[in-house]
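To start, the structure itself, in structure tokens.
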Amino acid sequence: MNARTHPVPEQFDDPVQQREAATLGMWAFLATEILFFGVLFAGYTLCRVRFPEAFAEASRHTDMLLGTIETAVLLTSSCAVALSVREVQLGGRRLATALLGVTALLGISFLVMHGFEYYAEYQEGLIPSIHYTQQGVYAHGMAIFYCLYYFITGFHSIHVTIGVVLMGVMGWRTWHGAFDQDYHTPLELTALYWHLVDIVWIFVYPVIYLVGRAG
Amino acid sequence: MSTVELPLPRSYLEEGFGLRSWLLTHDHKRIGVLYGLGITFFFFLGGLAAALIRWELVTPAGDLLSAETYNKAFTFHGVVMVWFFLIPSIPSTLGNFLLPLMIGARDVAFPRLNLFSWYLYMVGGIFTLACLLLGGVDTGWTFYTPFSTMFSNSHVLMAVVGVFIVGFSSIFTGLNFIVTIHTLRAPGMTWMRLPLFVWAMYAVALVMVLATPVLAMTLSLIGLERLFGVGIFDPALGGDPVLFQHFFWFYSHPAVYIMILPAMGLVSELITHGARRRIFGYKFMVYAIIGIAVVGFLVWGHHMFVAGQSMYASIVFSILSFIIAVPSAIKVFNWTATLYKGDISFDAPMLYALGFVGLFMLGGLTGLFLAATALDVNLTDTYFVVAHFHYIMVGGAVMAYLGGIHYWWPKITGRMYSEAWARFAAILMFFGFNLTFFPQYILGVEGMPRRYHEYLPQFQVWNVLSSAGATILGVAYLLPLLYLAWSLRHGARAGPNPWDATGLEWQTASPPPPHNFDVTPTVTEGPYAYRR
Amino acid sequence: MNARPQRTHKSGPRPPSLGSNLWTLLALLVLLGLSAGSALLRLGPFNTVANLGIAVIKALLVLTIFMRLKTDNALLRIVASVGFAWLAVMIALGLADVLTRTPLLPPW
């Protein structure tokens, strides 16, 4: 489908109205995502109030260096996809496709690094109900921390995976000239989704990796 | 455009007759009808479970159903009625059908998403039915932990998956409505000219979009806890069951407003038409709708006064729960003021609407009893609570839904129903309903707990009355099914505006053409431009 | 047919400059470094404050620049804020319970 012949669906009057509807719809969806992840963050907050020491202790068992690198990777990927949208808006195609490829690769590298983290935690006995070997007064509180950690990062990784697939699709469509200055809404919406996944991680980083590092 | 003279616009019903033309349709009107079929099916299924419950409770001994089967019956009744009937009832059927018509649009903003959400609804329904066939679930519709995660031996996962899926159906419907109302209003249709039903749809869409993801994640957590035996919600493992209740009611209390807000909007349409007057205090009605939707998010803790929640939090939630009575009261006063000096006609939709106002008031006022922390300790988990929320959900939402179905029946089908039968059913329903649920208030005050299949002999009189009322109510619900179905073939043909009502939906043909309007209408005045 | 005139200007807000995107990335990475560094200092409760504060700034940067809330439709800013506001309500009222709960001893 060529961007220039992209028809406006019959319920809309013109392309401007169509874009308004699409972006508003996407943002409403992102608001639901905020609350979807929000439950886990709220659960984390309420549980941390009950087990402050255990949460600090558990957080010290996470891999701060890897966590920091993962954060940097996601932030960079966000910039890459933002630049890709910009490039399409300015009429570019090759560079835009390349930037989407970079985004997807950064996303994949994030997932791989996270896989290594999970594996290390498995060996250390930090996965409740699968392999959990922690003992002592903090064992229960740490188990709750790790449950929340796996739920949050698990759901986040699912979102990253979806994002990588979408980046692939968008890259393919961009390469084949589906988008131009006038019509690029799907690309724009995919970028919004990717940024939101990034924002979730921005909050994961301090609450999972940085608690009790100084003590 | 085309030089060939087009024949008269066909109606949306004649656009295609095959199954494919329905199952792959993008037309909001057809999707509304599909939803209508789905929720009618689930309504009678849930009603069957209610019949079992009332039948069991005729005698004090638990003789008809075992305790376990009884638990499964009321759980099934709750799950089906809440998620597969009440929540999609007005928004997904009448809302889908009417919203674009009322704002002068050709369709909703995302027609494919609209169809997708119907499929999600059906898939969620299939999971719930499968759960029933496999042996059911016994946790109550609230899935309270740790029972649901650690102890229940029934098919909790299956039920949770079903509800999770249907949750996304309502998220997508809500999203579609928000975008449609924001972007697709006809020229001149300013925000303060929107019919109150559209405002109610907007408010309900906000609640759906902001609350349902919380339910989705909470149910996922139940599933994960059950699968892996971990314990965020399990006190034995250091977890906190009250945390689950916080999350659950963060969704499920606003969910009550998902059920009642559309009913309120709808009744505003019925009452203005029935009294042939402009609504009294349009702006206050709008603010009250939005106020209820927003404050409705801040009151969830009143479900947890005896659950171990901090007493200070309980006080806050109690005060907020009293506050939400204010906008609800404003609406009741404004409906009453609208009736004042009106040309009131007691046709069927109006009877349903008036029934709604009365029953909603009783349900709302008893809600204040339960919002008072001290009194609530006495009344928690008694039949008083059961009666209270049935007055809101059945007396309120279902009455309004049926009133709306009657009012817009000529628009949807192009046929008139039998007015005499409709009035008879409405009155029978009102009496049957009160006979069923008013005794439950008394039972609750006398201390009969809910969710048991046996009870003390002194409660039998009221229980027999309640079961007798339920039988009448059941008949009253079957009647519309019969005479409305009859009207599909034998009813008189309806013109575009059989009621002489205002509103854009009455300006187009009945049933409307596929794209609603031949010419996009231009709006020049506010809603309800009746005689005075 | 259509009552509204067709509007055909280029869709969307004007793209932000290359520089602003790159500066934003740089700022995000610097903030990430600050966040990691401050976590290693012994600041007591201010560790949490600093970490969350930095996370909020980072999120705002992504929202305004990368997601273009700064230049796009005001309605979108409202939608985004509502999402976060509702989450704040959930956490605040939930905390109101957990922070003021009196421990109830089991009767056994």
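Here the Cβ of each residue, glycine as well, is placed from N, Cα and C on the backbone.
Database features, via TrEMBL:
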type     : residues  : note
DOMAIN   : B:22-524  : domain 'Cytochrome oxidase subunit I profile'
TRANSMEM : B:33-55   : transmembrane segment
TRANSMEM : B:75-103  : transmembrane segment
TRANSMEM : B:115-137 : transmembrane segment
TRANSMEM : B:157-184 : transmembrane segment
TRANSMEM : B:196-222 : transmembrane segment
TRANSMEM : B:248-272 : transmembrane segment
TRANSMEM : B:284-305 : transmembrane segment
TRANSMEM : B:311-330 : transmembrane segment
TRANSMEM : B:351-375 : transmembrane segment
TRANSMEM : B:387-409 : transmembrane segment
TRANSMEM : B:421-442 : transmembrane segment
TRANSMEM : B:462-486 : transmembrane segment
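Beyond the transmembrane segment (B:248-272), the same-chain residues lying 6 or more positions past its ends with a Cβ under 8 Å from any Cβ of the stretch are 82, 86-87, 89-91, 94-95, 142-144, 170, 195-201, 203-204, 207-208, 210-212, 214-215, 218, 278-279, 285, 289, 292-293, 296-297, 299-304, 331, 335, 338-339, 349-350, 352-354, 356-357, 360, 389, 392-393, 396-397, 399-401, 403-404, 407, 503, 527-528, 530.
By number of Cβ pairs under 8 Å, the transmembrane segment (B:421-442) is matched best by B:462-486 from the list B:33-55, B:115-137, B:284-305, B:311-330, B:462-486. The transmembrane segment (B:284-305) shares the most Cβ pairs under 8 Å with B:196-222, out of the stretches B:33-55, B:157-184, B:196-222.
Counting residues 6+ beyond its ends, the transmembrane segment (B:311-330) has Cβ neighbours under 8 Å at 281, 284-285, 287-289, 291-292, 295-296, 298-302, 304-305, 364, 367-368, 371-373 in the same chain.
Model confidence over the domain 'Cytochrome oxidase subunit I profile' (B:22-524) is summarised by a mean pLDDT of 95.
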